[in-house]
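Asks: Have a look at the structure that comes next, please.
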Amino acid sequence: MTNSNLRTENHFDYVKITLASPDRVMEWGQRTLPNGQVVGEVTKPETINYRTLKPEMDGLFCEKIFGPSKDWECHCGKYKRVRHRGIVCERCGVEVTESRVRRHRMGFIKLAAPVSHVWYLKGIPSYVAILLDMPLRDVEQIVYFNCYVVLDPGDHKDLKYKQLLTEDEWLEIEDEIYAEDSEIENEPVVGIGAEALKQLLEDLTLDEVAEQLREEINGSKGQKRAKLIKRLRVIDNFIATNARPEWMVLDVIPVIPPDLRPMVQLDGGRFATSDLNDLYRRVINRNNRLARLQEILAPEIIVRNEKRMLQEAVDALIDNGRRGRTVVGANNRPLKSLSDIIEGKQGRFRQNLLGKRVDYSGRSVIVVGPKLKMHQCGLPKEMAIELFQPFVIHRLIRQNIVNNIKAAKKLIQRADDEVMQVLQEVIEGHPILLNRAPTLHRLGIQAFEPKLVDGRAIQLHPLVCPAFNADFDGDQMAVHVPLAIEAQTEARMLMLASNNILSPATGEPIITPSQDMVLGSYYLTALQPGASKPDFGDRSCTFAGLEDVIHAFEDNRIGLHDWVWVRFNGEVQDDEELDAPSKSESLSDGTRIEEWSYRRDRFDEDGALISRYILTTVGRVVMNHTIIDAVAAA
């Protein structure tokens, strides 16, 4: 038993893009119905009937070709409901199935005359011109009906294979051939348009040409050799992919599924449609007109003009504006062709396939978070609850706060204190990734420990800004949540901001203080010119430890740049270390006091240090105390 809803996994090694043969293009769009009828060819330019709003049969939205527009319902309405699955309606010929088949079922247009593919003709390099070993200008003259090309010189002594002839030149040769005294028995054959191009490409025997080119390459050098190698490379690629050169000339055009070029009704009763429908309509109209002209044996000049117009219509469909005048729609806007949909920044590959939105991600503006540690970032509660929702739901159920997922989601929507408590537990030790586009080197995406913050902006430590090339003038950053334990471990071990201090490019530190940080550090440690230094023992300016200085500063008893005497048990390095003290005094208890400009030491009888006071500013005490705390915490 097969079920269309089941996905079958096909494992493959690679995807190969090659030229499609006309038979392959017809295979894509052609289907045989159970009643034996073959469908797939789009023959009418109509889209929908504006009275019934149903797709026209054999048109660009035909339900017989592409499938029903409503689930389990045929065009005429005879069959409705899923129980008729797979039945083909006898009246309208529509298969009863799901409407989503209209996203992948293709059709085709059988052309009344071959047309050249504009990519291979006008691309850089032009593969048609390289294969035929002709200048691109000459090939264009043939394709767009400006010149004839000699396909077979026959017995004519002045003609050569692939020689170009103007209209007048060919008329003269015709007069010569059909003259009564003509000695030409084997008449020369000439062609024009994509048909002639197809004939020239069919005449190429790739293996023989490749062999001949290899021999010529051995005996040539310089520019000529480079040109021969270029041609040989193209021919070898054709041989390797089993593609024929004449497939670059189209006999059949695929019609992409209708749901990929939709037509939607607007509020006022008007319709908005994809540009592709207009381009396909032009091709079908011109193709039908050409077929009718050929049927009634119209004059050659009229048929030729119609063939040229068909060529231009197909060019516009494949790549509008590549050659000739750009086809425009309403208000002179160029119509978007198949190439425009694929290529560029907004194209299918870069926008939709490479630039997909992923689950468990979000983005917001960044603001500075000076109180954060370097490996932390501030994550808005609103974002965190959304990103970590599955983890929160799991924990709520496990802790018996709720019984099911539905109840958990309701609780989360209310943002109760219980939920916030659980969220705090969930994010504890769960790193997140921050990315700033463009990610030009590996430090453009780093891991951080999230801290819940109010507001809607992500808080970032200022020291990691150089790595991201970020500033706080409106930059946005993306957040990603690593889900697997392996991913979380890797993020913590390899990607944590505090583990990425050196630049991978130069090996120099990339985490360097700048701007406000440098200015703040300078201001904190600067000496105020002309400030008076207190005497040792002045109770308002002498302190027993660094903490006492900071408490006095916080209580506004002293200013940031005031001089203070503070007891300090650590090592002190200064320029006066080697000089003799400015004052040395022995006390009655056997101890000795030595004084320098910025230091006062007291030693016991054995010369061991009892106490040390240093003269410094409050700002320098704050700086030193902060560094000691940070080192101790690490």
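Positions of Cβ are set from backbone N, Cα and C atoms, glycine also.
Straight from Swiss-Prot, here's the annotation block:
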{"type": "BINDING", "residues": "Cys74, Cys76, Cys89, Cys92", "note": "Zn(2+) binding site"}
{"type": "BINDING", "residues": "Asp471, Asp473, Asp475", "note": "Mg(2+) binding site"}
Asks: So among Asp471, Asp473, Asp475, all listed as binding-site residues, which is physically nearest to Cys74 (Zn(2+) binding site)? Use the C-alpha atoms.
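Replies: The smallest Cα gap between Cys74 (Zn(2+) binding site) and any of the binding-site residues is with Asp475.
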Asks: Tell me the Cβ neighbour count for Asp471 (Mg(2+) binding site), meaning other Cβ atoms within 10 Å of its Cβ, over all protein chains shown.
Replies: 13
Asks: Using a 10 Å cut-off, grab the number of neighbouring Cβ atoms around the Cβ of Asp473 (Mg(2+) binding site), all chains included.
Replies: 7
Asks: What's the number of neighbouring CB atoms sitting within 10 A of the CB on Cys74 (Zn(2+) binding site)?
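Replies: There are 24 of them.
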Asks: Tell me, if you would, which residue among Cys76, Cys92 (binding-site residues) has the fewest other CB atoms within 10 Å in the structure shown?
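Replies: Comparing Cβ neighbour counts within 10 Å for the binding-site residues Cys76, Cys92 gives Cys76.
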Asks: Quick check: of the binding-site residues listed here (Asp471, Asp473, Asp475), which one has the Cα closest to that of Cys92 (Zn(2+) binding site)?
Replies: Asp475
Asks: Looking at the binding-site residues Cys89, Asp475, which sits with the largest number of other Cβ atoms within 10 Å of its Cβ?
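Replies: Top count of Cβ atoms within 10 Å goes to Cys89.
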Asks: If we check Cα distances from Cys89 (Zn(2+) binding site), which of the binding-site residues Asp471, Asp473, Asp475 wins as closest?
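Replies: If we rank Asp471, Asp473, Asp475 by Cα distance to Cys89 (Zn(2+) binding site), first place goes to Asp475.
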Asks: Compute the C-alpha separation of Asp475 (Mg(2+) binding site) from Cys76 (Zn(2+) binding site), stating it in Å without decimals.
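Replies: Answer for this pair: 56 Å between alpha carbons.
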Asks: Please report the Cα separation of Asp471 (Mg(2+) binding site) and Cys76 (Zn(2+) binding site) in Å, rounded to an integer.
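Replies: Just about 62 Å between their Cα atoms.
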Asks: Given the Mg(2+) site residues Asp471, Asp473, Asp475, which other residues of that chain have a Cβ within 8 Å of the mean position of their Cβ atoms, reported in sequence order?
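Replies: Going along the sequence, the neighbours appear as Ile366, Ala470, Phe472, Gly474.
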Asks: Which chain neighbours of the Zn(2+) site, leaving out Cys74, Cys76, Cys89, Cys92, have a Cβ atom within 8 Å of the mean position of the site's Cβ atoms?
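Replies: Here the non-site neighbours turn out to be His75, Gly77, Lys78, Tyr79, Glu90, Arg91, Gly93, Val94.
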Asks: Do you know offhand how many angstrom separate Cys76 (Zn(2+) binding site) and Asp473 (Mg(2+) binding site) by C-alpha?
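Replies: Cα-Cα distance, Cys76 (Zn(2+) binding site) to Asp473 (Mg(2+) binding site): 61 Å.
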